[in-house]
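Taken from TrEMBL, the feature substrate binding site covers 125, 148-151, 214-216, 220, 267-270, 450, 461-462. What TrEMBL records for 144, 146, 368 is Mg(2+) binding site. Sequence annotations record features per position, and here TrEMBL assigns ATP binding site to 144, 305, 364-373, 375, 398-401, 425, 452, 458. Feature annotation from TrEMBL assigns domain 'Glutathione synthase substrate-binding' to 205-302.
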Ligand code: ADP
Ligand code: MG
């Protein structure tokens, strides 16, 4: 996967001209973000950062990632229904991590009262990097699975046209035709629509829990638009609105501003900073309702890094997915090394190894949204500080994936087009719907490729580090 577009990357003037064409097409296609100056208004918007060229991805790894997505859907759902597994897995973490503890409290409270919802909807995105093997080949390794607010399905539906445009300008029509069509926003919307239908109330709405300052609103709108095209109405409200004007009736039906809610779709609520005391109360109210939550709190917990680490322990997948050895093997093949830091010999040994060869590891707290992981010297300092404290159980240690870098040109508003060494991260969107014990939908619905300069260890598109891309299968 070395320098994919070869000589095209060398001609600076051509790159600059191509970049202008690409940016204009991106704007025309709706590859948009609100600006950081005006994150609550769409009066002035700009393009979401993206690569000038699609990045080469081995077709076999792309296929492998698609082929394991239904297994991941089943696995997340199985974990979310296994209260004993969640309790045992998170027991040491919740003693030290306040955020996970609060989510877990709500989970316990709802279990005690009895879960009111009968329809379950998962919209997730499993993320991977391509580990470079000693023999020059690459292997698909999972970075994490996002079970709440997995984003960029909307914008990823619009970027293929931009990369086709760039290649067409270069008269590379055969290459342009190789760029895969992609429409995750439609697939995600079909999952919401199915859940809405099974909820079974013609006048009920979808409630999208939104942040006040949301630069990525067009990504969300793509899903809303698909729903409206199916006559399903979406209202956008904040947790604060739910506190002020949300309510449950005696059957735990959820009402917002007097209107019944069939599905609650969270695009907020995955980080500690997003919760005031009042917002926690609102989350509990939503969770207690019989509306379909996407995700319900157990499914959010199933997406924690601690759960990911426990899933890689020998025998755990087999116990969670009994009688499914093929699915288990497909899942295991994507796991990188994952190590518990719970107090005890196993954790001690992991810390010793990480301190001996820090470049081989990443230290991860139970956080989402990018920018929280620790690498290199920072990781060493943190491990030295944590190693004799129970606080270490709120982290996990992970093998660091080392993809082979390649050249591409990252386009961002206000920056000149410049070729840099990059690595990519592939995400596959998964959708499932379960009614009682019966799966009524289990699909993959598209992909997202994000690419970043190699000097950034961490962070996604929203964090301003990675940019949108498309796989060019080879
Ligand atoms: P978050 O929930 O914050 O998105 P991730 O686990 O996805 O957390 O990590 C954030 C970013 O850090 C990833 O997008 C990836 O760029 C980098 N990263 C995470 N884990 C690894 C790893 N094991 N090896 C290399 N890079 C990693
Ligand atoms: Mg991530």
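Yeah, the Cβs are placed from backbone N, Cα and C, and that goes for glycine too.
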CB within-chain contacts under 8 A for residue 365 (ATP binding site), separation at least 6: 97, 305, 372, 373, 394, 395
Residues of the domain 'Glutathione synthase substrate-binding' (205-302) by DSSP state, where helix covers H, G and I: 41 helix, 26 strand, 31 coil
Listed binding-site residues adjacent to ligand 1, that is, members of 146, 365, 368, 375, 461 whose C-beta is under 6 A away: 368
Per-residue Cβ crowding (10 Å cut-off), top of binding-site residues 270, 375: 270
C-alpha spacing of residue 461 (substrate binding site) relative to residue 371 (ATP binding site), in angstrom: 11
Nearest of the binding-site residues (215, 220, 270, 375, 461) to residue 146 (Mg(2+) binding site), judged by Cα-Cα distance: 270
Top Cα neighbour of residue 149 (substrate binding site) in the set of binding-site residues 368, 375, 400, 452: 368
Residue, out of the binding-site residues 125, 215, 371, whose Cβ gathers the largest set of other Cβ atoms within 10 Å: 125
Using Cα positions only, nearest of the binding-site residues to residue 375 (ATP binding site) (144, 151, 220): 144
Among 144, 215, 268, 270, the binding-site residues whose C-beta sits under 6 Å from ligand 2: 144
Residue 452 (ATP binding site), number of other Cβ atoms within 10 Å: 25
Binding-site residues (149, 220), the one with most neighbouring Cβ atoms at 10 Å: 149
